[in-house]
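Per Swiss-Prot, these features apply:
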TRANSMEM  31-51  transmembrane segment
TRANSMEM  55-75  transmembrane segment
TRANSMEM  109-129  transmembrane segment
TRANSMEM  135-155  transmembrane segment
TRANSMEM  183-203  transmembrane segment
TRANSMEM  227-247  transmembrane segment
Amino acid sequence: MTPFWIALQFLTVLPIELKTIPTAQQNGRAILFYPLVGLIIGGILFLVTCIFVKLPALLLAAIVLALWIWLTGGLHLDGLADTADAWVGGFGDKLRTLQIMKDPSCGPIGVLSLVIICLLKFALVYVLIEQHQSLFLICIPILGRVVPSILFLTTPYVREKGLGRSLTDHLPKTASWIITGFVLLLPLYWGWQGLIAIIGFLISLVYLRHVFIKRIGGITGDTVGAAIEIGETVLMFTFVVSYFYLV
């Protein structure tokens, strides 16, 4: 179960202590448990909506989003901000883009990207709560956590060192594809809405993958984080839009 604890420690702020330093092989296997960690995150979010169901939807949406960000430690938001800064500041140059991504400071474009994504997520969470579709909150982090598998399975990792390199070199490919395929079927519980949400989600990943390859020749940890945030938002958006047009 060590890979599971590695995944839980990496993807959340939950107090997990590992007895030994993870090996590259364990890091690679940990990615198989990312969707399970997503289930834990989503389950907590849904539980909160059930406990505080009597609160105004606006306030509850703010609580859910704040808890969501806290649970993940803002890990993927950090990747989004770094990617946004690098994409604008890199002026189309691969090396400059990669260099800016390594800068720990957050520029104005990075801040703007965080504001936009958080506003969108807040509005979408609010609509889900208001329309009594809070159960879908469980599904969102699960699908978000298969984004790394999809990208690492299909896209070159451009840095020579780091956690991403371990994941790329030691990811169990067959098991990862099976888990990814199963997870992508989960939204079908919601019928046509779920199917449209899956399609929108996958289209966003295909587009982001194309953009990443065109600019830097592949992916980095930051771009994967950005893809998780954007993918989750597109998933929610397409689900909400289809809800109003199909119901």
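Cβ coordinates come from backbone N, Cα and C, glycine included.
Fewer than three CB pairs closer than 8 A are found between the transmembrane segment (183-203) and the transmembrane segment (109-129), and contact between the two stretches is not assigned (pairs 6 or more residues apart). Annotation: stretch 109-129 has the most Cβ pairs under 8 Å to the transmembrane segment (227-247), among 31-51, 55-75, 109-129.
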